[in-house]
Amino acid sequence: MKSEKRQMLHDLIENAGGCAITDGGFATQLEKHGASINDSLWSAIYLIKDPNLIKQVHLEYLEAGADILVTSSYQATLPGFTSKGLSIEQGESLLQRSVKLAVEARDSFWDSAKRNPRNKYRRALVAASIGSYGAYLADGSEYRGCYGPDVDLKKLKDFHRRRLQVLVEAGPDLLAFESIPNKLEAQACVELLEEESVNIPSWICFITVDGENAPSGESFKDCLEAINKSTTVDAVGINCAPPHFMESLVCKFKQLTKKAIIVYPNSGEVWDGKAKKWLPSQIFHDDDFGLSATRWRDLGAKIIGGCCRTTPSTIQIISNALREKA
């Protein structure tokens, strides 16, 4: 059973012609539907306010060609929910809901797609999102990379543990650790997967603000040390960094790891963590994603998608380019 579950991601990549497509910016698409996510829970507030809208966004990404759906749990944490006056049990139920909504969207979409013999889709996998400790703090800490002297390995594992347990129990196909800013939190994720005997595939994605190192200033060679030794992590890469960083980073990671490489950049706009707003990009546009995605794939990326400020239109461009030139 363990080998079958862990094989799922490898099989998806192979069936997709060597490069699978994950979805794009979740909060961005919620906002396009009029959602207000100015909240410490960010997009996860809609697990409470409008679960059907979350399901709708998942469906829109499936229609755009996504092979992997990432759940709306990135900023959904038990401390975050309790700070809203919810009980631990209610918080755990909302974490489970994030997986359930994605699975329901995937299953309904796949049932419909199977009835059309000319469909171009594959049965998507659902990845439960686990955002970094900095995402919970909601103060831009993940972009600075340092949580301070009081945050050690034990504290990070204690913070992530119960959320990890609840999400795994909810039955996703994959786990996605996202926006990891330093070596310490990467090590915490690896050790948690081992301690909890997780037997589904997982990926760990870092962010970068300079295109060279983690936000902490640590080299990716150092950050990947624990991951490369792990048998519980199946893919590693970068999320929510500018797309013009991706080519050199894919090349770098290709030299540093034998894990599958995943990249899902933001739109190229720059997040100002203090002002809490996006600054426009002058060097990368949505239409550039098609040619760039084929380049990243050819250099060795096995999973490609989008992060903040990307939309189903972005994923459609990536899907069209990769499927045309596969």
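Counting starts with 1 at the first residue shown.
Note that Cβ sites are derived from N, Cα and C of the backbone, with glycine treated the same way.
Just so you know, the Cβ of Cys240 (Zn(2+) binding site) picks up 23 other Cβ atoms within 10 Å once every protein chain is counted. According to TrEMBL, the feature Zn(2+) binding site maps to Cys240, Cys307, Cys308.
Residues belonging to the domain 'Hcy-binding' (8-322) score a mean pLDDT of 94 in the model. Residues or ranges marked as domain 'Hcy-binding' by TrEMBL: 8-322.
There are 19 other CB atoms within 10 A of the CB of Cys308 (Zn(2+) binding site), with all protein chains counted.
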